[in-house]
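Summarising the annotation, TrEMBL assigns domain 'Cadherin' to 2-82, 83-197.
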Ligand SMILES: [Ca+2]
Ligand SMILES: [Ca+2]
């Protein structure tokens, strides 16, 4: 008797993501998988003796099915996205060095390290060659790095970069503006923003 087996997928493959080689039983991918949509599949694979298939008979003892569990593994296919395009903060002339000014946040749709951010700033140095602000690499918290005496009404504009895989993956950038204000100004969000930006970013500032 011919023992050749005929394999087919009879369940769990409604979207046609998988195919099976009818004679070897090897399952392979027919369409791209996306971890962000479906993280696992349970296929039901049927094995028939070829004699049953050819004669189109249905003999229960010559047919068997098995469940196949397929886990989809994530890959890094989404870049970071900042919670805002523009972050606005204020410092006062007596703000101490290494005071927290604001927190930037970037997230992405991947899991694990593929969405674990490292942050850095692209910031022009001061006339004295110092960085006026620094960022905590894993928290995204921006801190002051100089004193701002006699600098009221000036502002600092720089970029924040988030890179996933702890700095080895995809990057995206946001903008930061920090104004030097007095204590009273600090209580009024709009006053911490240079006038031309208030005009441009009205929508974002009203919250
Ligand atoms: Ca990612
Ligand atoms: Ca992914």
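These residue numbers are counts, starting from 1, taken along the chain as shown.
Any Cβ shown, glycine's included, is placed from N, Cα and C.
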Integer average pLDDT (0 to 100) for the domain 'Cadherin' (83-197): 89
Structural state census, the domain 'Cadherin' (83-197) (DSSP three-state): 19 helix, 45 strand, 51 coil
